[in-house]
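What follows is one structure encoded as structure tokens, with my remarks underneath.
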Amino acid sequence: MAASKKHRLRDSALRRLLYVLCVTLCGALLLIFIFGSNSISRIEIIRNLDIGDDGSSAYHYDLKVRERVKLPKQNELSFRLEKLNRVPPRNSDLYPNLAKDRIVVVLYVHNRPQYLRVVVDSLSNVVGINETLLIVSHDGYFEDMNKIIDGIRFCQVKQIYAPYSPHVFSNSFPGVSPGDCKDKDDARGKRCKGNPDQYGNHRSPKIVSLKHHWWWMMNTVWDGLRETREHSGHILFIEEDHFIFPNAYQNLQILTSLKHKKCPDCYAANLAPSDVNSRGEEWASLIAERMGNVGYSFNRTVWRKIHNKAREFCFFDDYNWDITMWATVYPSFGRPVYTLRGPRTSAVHFGKCGLHQGQGENKACIDSGMMNIRVDDPDKVSNIESDWVVHVYKNQPGYKAGFKGWGGWGDDRDRRLCLSFATMYHSRGTTSPL
Ligand SMILES: *[C@@H]1O[C@H](CO)[C@@H](O)[C@H](O)[C@H]1NC(C)=O
Ligand SMILES: *[C@@H]1O[C@H](CO)[C@@H](O)[C@H](O)[C@H]1NC(C)=O
């Protein structure tokens with residue numbers, strides 16, 4: 001009797017256990033079903049977007065890579081821009097043969113058409129531009145900017161668009177997303193999203209966009225684009241407010257050919273002095289000095305060194321790409337980093353209206369900038385002699401190792417996005433070129 005009661009007790013305990021197990025299992029199955037089908041339908045939606053005939057399978061494939069490197073969820077505009085990045089260069093009918101030893105020119109721009117017009121005009125007078133490829137990298141999508149580039153007939157030209165620009169996302173990261181902290185919000189108290197920078201400020205999408213664009217562009221040009229991922233020579237980088245003199249390309253060819261022999265510590269060649277207010281010394285010598293950010297060019301070896309420092313670049317709390325390079329990346333090379341240039345500038349920075357002020361209210365400032373740009377006869381032909389000695393500027397003032405940054409780059413999401421740009425063309429199986 002006692003035995004059978006015990007038996008019955010054990011039986012009911014077992015039954016209860018089975019019941020609990022069953023409910024748990026069913027719940028788990030239900031969850032898997034819901035989330036599983038959800039992700040399938042997301043892929044289906046992406047597949048059904050109008051992404052053209054260059055292969056939804058390629059996009060499906062990219063999607064897997066995208067998830068592996070944790071890129072943000074794209075919207076339709078972002079997908080379209082990525083598709084545009086695969087369009088081959090224009091004007092290849094006019095210039096069917098690019099020079100073997102060409103220096104590719106990359107012009108990176110945002111939305112100042114009144115500036116861009118000046119730069120494009122100046123490029124049209126550059127001797128030798130017709131033997132190379134011009135790539136225009138846009139931070140966002142702006143019709144006025146496209147129109148100017150579409151008018152170019154003087155060389156092969158290709159436009160690319162940063163598909164993860166904050167300007168492309170109106171309602172989600174990398175743009176502003178609902179629930180984001182602002183200014184000096186207390187994330188825990190306000191239950192908002194974001195990490196403040198070293199000065200207590202939260203991210204501003206407009207401000208972080210420049211560093212994101214620069215880093216996306218570098219990675220894309222060197223490692224992503226079909227047209228340049230195997231380019232073995234130098235690439236020149238200029239901005240939408242850099243006036244380029246007619247002799248810039250020829251001078252750069254001389255500088256890049258002399259660099260190795262004349263200045264082993266030179267990683268780059270520059271069109272302009274690092275002091276943006278200087279037009280050069282006009283000595284009969286070459287100049288080696290700290291890296292400047294007007295018209296700089298380097299080769300793939302140097303890019304690999306920079307790319308190896310992706311963590312330093314992406315985690316440094318400064319929203320300026322150039323200050324980030326000076327304060328963390330170059331010092332981490334372990335050797336002095338110089339650039340070689342001529343004694344007379346071949347490019348001038350003329351922008352006076354800041355990038356973040358928008359346009360419209362600042363239309364006047366271009367005129368005053370333009371007044372000063374005179375192209376004299378020595379600027380029309382190459383003016384560098386290969387038998388000149390190199391004058392080295394040592395210990396120039398400026399940002400260097402130890403500077404802790406101006407902030408603006410404290411949000412984990414920005415840092416991760418930045419790192420994703422550095423890995424997106426390197427993940428296993430990422431063979432489909434842009
Ligand atoms: C490029 O322009 C120069 C004149 O600056 C001309 O002599 C040359 O033939 C042109 N080359 C090509 C490939 O169009
Ligand atoms: C690229 O430039 C660096 C620095 O001048 C030089 O050491 C290196 O040999 C160059 N690489 C190639 C492939 O020419």
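Cβ atoms are placed via backbone N, Cα and C, with glycine included.
Under the heading transmembrane segment, TrEMBL lists 16-36.
Annotated substrate binding site per TrEMBL: ASP139, in sequence order. Residue environment of ASP139 (substrate binding site) contains 25 other Cβ atoms, counted within 10 Å of its Cβ in all protein chains.
If you look up TrEMBL, you'll see CYS181-CYS192 (among others) marked as disulfide bond. With a cut-off of 8 Å between CB atoms and residues at least 6 apart in sequence, the same chain places ALA187, LYS190, CYS192, LYS193, GLY194, PRO196, HIS202 near CYS181 (disulfide bond), listed in sequence order. Under the DSSP three-state reduction, CYS181 (disulfide bond) is assigned to coil, being neither helix nor strand.
Residue environment of HIS349 (Mn(2+) binding site) contains 19 other Cβ atoms, counted within 10 Å of its Cβ in all protein chains. Annotation comment: TrEMBL describes ASP241, HIS349 as Mn(2+) binding site.
Using a 10 Å radius centred on the Cβ of CYS266 (disulfide bond) and all shown protein chains, the other Cβ atoms total 27. Annotation comment: TrEMBL describes CYS263-CYS266 (among others) as disulfide bond.
Summarising the annotation, TrEMBL assigns disulfide bond to CYS314-CYS418 (among others). Using a 10 Å radius centred on the Cβ of CYS418 (disulfide bond) and all shown protein chains, the other Cβ atoms total 23.
With a 10 A radius on its CB, CYS192 (disulfide bond) counts 15 other CB atoms from all the protein chains.
The shortest Cα-Cα distance from CYS266 (disulfide bond) to any of the binding-site residues (ASP139, ASP241, HIS349) is found for HIS349. Here the CA atom of ASP241 (Mn(2+) binding site) lies 14 Å from the CA atom of ASP139 (substrate binding site). DSSP assigns ASP139 (substrate binding site) to coil, not to a helix or a strand.
There are 19 other CB atoms within 10 A of the CB of CYS263 (disulfide bond), with all protein chains counted. Note: the CA-CA distance between CYS263 (disulfide bond) and ASP241 (Mn(2+) binding site) rounds to 29 Å. When the Cα atoms are compared, HIS349 (Mn(2+) binding site) and CYS314 (disulfide bond) turn out to be 26 Å apart.
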